[in-house]
């Protein structure tokens with residue numbers, strides 16, 4: 001969407017493209033489906049953070065779909081999904097207990113770079129933008145609050161990632177964890 005319509009970046013509040021709208025609609029459907037999957041597979045207790053994250057994303061995205069405002073902000077936030085590729089590779093490597101740690105080590109550093117580029121940077125930019133330019137009433141207030149809560153979650157996940165991959169001695173009680181039951185929220 002941004003590749004084909006780079007002019008969207010000049011109007012975060014009112015910019016619109018059909019591809020961006022469809023992307024946000026599709027992503028909302030994914031978040032709804034994933035939430036239902038977590039609930040129906042009885043993983044709610046171990047995945048409650050994902051459910052909170054999904055609820056915030058769904059409510060924010062639905063408000064964007066209904067009003068047609070802040071669509072570009074949603075598209076920018078969806079850049080975080082690029083970093084999920086490397087987070088998923090990380091999880092799969094941990095689950096498979098790959099004998100050679102070289103692949104995990106390489107992914108660890110690529111994952112860190114992608115986390116900064118596609119998760120922290122867009123989130124920080126949008127937080128700055130909303131705090132500086134968006135009216136703090138109505139939809140603007142709702143989206144700013146949601147964005148700040150997502151900031152807290154992303155920073156919490158980032159600290160867990162750093163502790164797990166770069167400072168394992170700082171992990172609390174890591175030997176006692178049930179990796180499958182916690183869906184890698186901690187590790």
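Each residue, glycine too, has its Cβ placed from N, Cα and C.
Predicted automatically and left uncurated, TrEMBL annotations should be read as such.
What TrEMBL lists as domain 'TLC' is 1-170.
Sequence-distant contacts of the transmembrane segment (72-92), counting only residues of its own chain at least 6 positions beyond either end whose CB sits under 8 Å from a CB of the stretch, comprise 1-2, 8-9, 11-13, 15, 20, 23-24, 27, 60-61, 64, 104, 107-108, 110-111, 114-115, 117-119, 122-123, 125-126, 129-130, 143, 150, 154, 165, 184. Marked as transmembrane segment by TrEMBL: 72-92 (among others).
Residues annotated as transmembrane segment in TrEMBL: 112-130 (among others).
Among the features that TrEMBL reports, transmembrane segment is placed at 142-162 (among others). Here the transmembrane segment (142-162) has long-range neighbours at 49, 52-53, 56-57, 59-60, 63, 70, 73, 77, 80, 111-112, 115, 119-120, 123, 126-127, 130-131, 134, 136, 185-187, meaning same-chain residues at least 6 beyond its ends whose C-beta is under 8 angstroms from one of its own.
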